[in-house]
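Structure first, then comments.
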């Protein structure tokens, strides 16, 4: 982690959509609440769903999971598609922004982004960079930093102090070339969760979210959000 700190982005669709609007994402796409991970209620989520975001507690069980995942990553068995856009999180409390960048960047061709938009320029400028270099590019992006700060301050809850410790973390679940990937800026690589399709993506992503909850059943602070049509 760098010494740079941002205010946490609230897990509130209005706040996140305000941020996405600042970045230049067309208003027909945005964040929606996933009120339940049950199959029947998933049908209420606006479609198509292009990505899923999960907010969860950073607990010992999450850290144990990370260690196991890093062993799998280190083995090289995953075979991650080179076209997956992935970046590290080096800015403290920027996990929400990194998750949203992961969500948008991995379906950018479907979004009809304006060439002069903040997010399109960021994706184009960092396309050929490494995950570490993308993180450093974000550290120096005044446009994204300003958009993040503006949206973070508009949340329904009182904005925390920059020095407050945040024990919640965002990840993104995306589909790239019929594969489901977990993108966590705290990990060294995307995590492959098997095959998926446009028709099954939401239920497949919900399965991964449920696995997070099952690993830490005593915690109730989980929030799932969809990115796609609104």
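From the backbone N, Cα and C atoms, a Cβ is placed for every residue, glycine too.
Given the structure is predicted, the values throughout are model-derived calculations rather than measurements.
TrEMBL annotations:
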DOMAIN    5-229  domain 'UCH catalytic'
SITE      89  site 'Transition state stabilizer'
ACT_SITE  95  active site, nucleophile
ACT_SITE  169  active site, proton donor
SITE      184  site 'Important for enzyme activity'
Cα-Cα, residue 95 (active site, nucleophile) versus residue 169 (active site, proton donor), nearest Å, comes out at 6
Average pLDDT across the domain 'UCH catalytic' (5-229), rounded to a whole number: 93
In whole Å, how far does the CA atom of residue 184 (site 'Important for enzyme activity') lie from that of residue 89 (site 'Transition state stabilizer')? 8
Would you kindly give the Cα-Cα distance separating residue 89 (site 'Transition state stabilizer') and the residue listed as 'active site, proton donor', rounded to the nearest Å? 11
Report, as a single number, how many Cβ atoms besides its own are within 10 Å of the Cβ of residue 89 (site 'Transition state stabilizer'). 26
